[in-house]
């Protein structure tokens, strides 16, 4: 029996049959590498559609720029909304493995339908769809409906899959084992690297073919990549570790609020958890996996939900979760409340991040984009961001983190909150850098340029520092976010924690659009065309960049306050709980012997 316990994982994970996972036969890097490759291929497939979707809508479907941009924004926002759906189904009912398989299959189906619709009737006449040969707007209602049905299937599949795959990959490492716990932290860095490498291929190779009008080839490549990703994921089925879904988290949170509200007149709220309701085994109201969450101070009103009053003393009522909740269930709700301020502070960073795909590209388009006779596409400058991510992941994992750990004499090095703060600092520097480049671009601008192409003699390669800085900030912010929300979310809400990262990016897009609208409305007066006009030579994009730097600095100040206020979640490990249960059982046996 002892030998069997030694080879099993300590975090409560199970194999595909529901038995305790055997350490040597499940999980670790065999499963982790399959998931990393899966993520790279799936990202390639998704960005193979998303990166040039606005061009497809204008050149193939004949939409104007405003309608196309609006439709892409709606589609992108829908992807992130579906991420919340995927996280909910995973945490509540299906589990991460089943959720990943179902939504990946939907993702493949959507890409196949998109490829078929493009090849069969959207790209008509043959050879249309490039910059010089638009297809026009002669498509029937049926054809348009078929197209939108396809891309929204892609959105549903990718959105439901994304928040679960990172968490499922982390599940393959036992955080209660020192060696595997270290691998689990490293996994998030490699996961973000795989994501960026997949998007690199889409932004360069696939983006080039699609820009040349070879849309069907690009979409079929995406479909093949997604199918290969699904097959690789299924190959690892016998080796995966799983966590059993724990039921609807919304009902658990509502139970805490209802139980606490019912006892709002209770005068005494205990200072320790000794006087609060606890439960062991399958009757635990929290249903929060196999680990209990330790009691923390704060939000003491919610502690009332775990107080047993005279009205709760009957056997039937004491297990009614709408009247009495366990300490773990109360702490689960507290964890969510504590995560929200940190999450809100990450939204403004996402506003900065989204400029890389919008204003950075527009800025590059009015700079000198030629080297000899070779034209550098402004959107391809994002390759420097991806290369920066790869470089800084290596620098952080191999140089900075070990150095900080040695200086602080702490094997963990920088905490996730500290790294996210560093990401905000670098983002401020990136915006200042972009503003300075814009000042020099305006200095060398051709003021009366009508078309605004090559409207400045300043080379586009002056943008490299701002792209590199954004890449460095991503390593600290987004990788730190993945680790933080995964580690700090309760066991029953791990996928929800990953979904928070995606929703912050989504809200960042919306806030960015709102900010641009407000800035243009305020800055456009009489003869002044505003900060971001159609002809950037007549505007002041530099001021908008400096405004973002100022807002991010203010956000950093708020973030520091929230980070200092935040209390890290503390779990009771499997071994601790088992020892406690054995001690309680032994104590009960001794009391029974004495009674006899």
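Placement of Cβ uses the backbone N, Cα and C atoms for every residue, glycine included.
Predicted automatically and left uncurated, TrEMBL annotations should be read as such.
Per TrEMBL, transmembrane segment is recorded for 29-57 (among others).
Marked as transmembrane segment by TrEMBL: 77-94 (among others). Remote same-chain residues near the transmembrane segment (77-94) are listed as 102-103, 152, 155-156, 158-164, 167, 245-249, 492-496, 498-499, 502-503, 505-506, 509-510 (criterion: CB distance under 8 Å, separation of at least six residues from the stretch ends).
Among the features that TrEMBL reports, transmembrane segment is placed at 101-122 (among others). Proximity of distant same-chain residues to the transmembrane segment (101-122), defined by a Cβ-Cβ separation under 8 Å and at least 6 residues beyond the stretch ends, is recorded for 42, 45-46, 49, 60-61, 86, 94, 135, 139, 143, 146-147, 149-161, 164, 215-216, 219-220, 222-223, 226-227, 229-230, 233-234.
Remote same-chain residues near the transmembrane segment (142-161) are listed as 42, 46, 49, 53, 61, 75, 78-83, 85-86, 89, 99-100, 102-111, 113-114, 117-118, 121-122, 502 (criterion: CB distance under 8 Å, separation of at least six residues from the stretch ends). Here TrEMBL flags 142-161 (among others) as transmembrane segment.
Feature annotation from TrEMBL assigns transmembrane segment to 190-209 (among others).
For the transmembrane segment (215-236), same-chain residues at least 6 beyond its ends with a Cβ under 8 Å from one of its own Cβ atoms are 30-31, 34-35, 37-39, 41-42, 44-46, 48-49, 52, 56, 60, 100-101, 104-105, 107-108, 111-112, 114-115, 118-119, 122-123, 129, 202, 206, 209. Annotation comment: TrEMBL describes 215-236 (among others) as transmembrane segment.
Per TrEMBL, the feature transmembrane segment maps to 339-361 (among others).
Long-range neighbours of the transmembrane segment (381-400) within the same chain, counting only residues 6 or more positions beyond its ends whose Cβ lies under 8 Å from a Cβ of the stretch, are 186, 189-190, 192-193, 196-197, 199-200, 203-204, 356-357, 360-361, 364, 413-414, 460, 463-464, 467-472, 474-476, 479. Residues or ranges marked as transmembrane segment by TrEMBL: 381-400 (among others).
Residues annotated as transmembrane segment in TrEMBL: 421-440 (among others).
Per TrEMBL, the feature transmembrane segment maps to 460-479 (among others). If one looks beyond the transmembrane segment (460-479) by at least 6 residues along the same chain, the residues whose Cβ comes under 8 Å of a Cβ in the stretch are 188-189, 192, 346, 349, 352-353, 356, 360, 363-364, 367-369, 376, 378, 381-382, 384-389, 391-393, 396, 419-420, 422-424, 426-427, 429-431, 433-434, 437, 440-441, 501.
Here TrEMBL flags 500-524 (among others) as transmembrane segment.
What TrEMBL records for 544-566 (among others) is transmembrane segment. Outside the transmembrane segment (544-566), and at least 6 residues removed from its termini, the chain residues within Cβ reach (under 8 Å) are 338, 341-342, 345, 348-349, 351-352, 355, 359, 417-418, 420-421, 424-425, 427-428, 431-432, 434-435, 438, 516, 519, 531-532.
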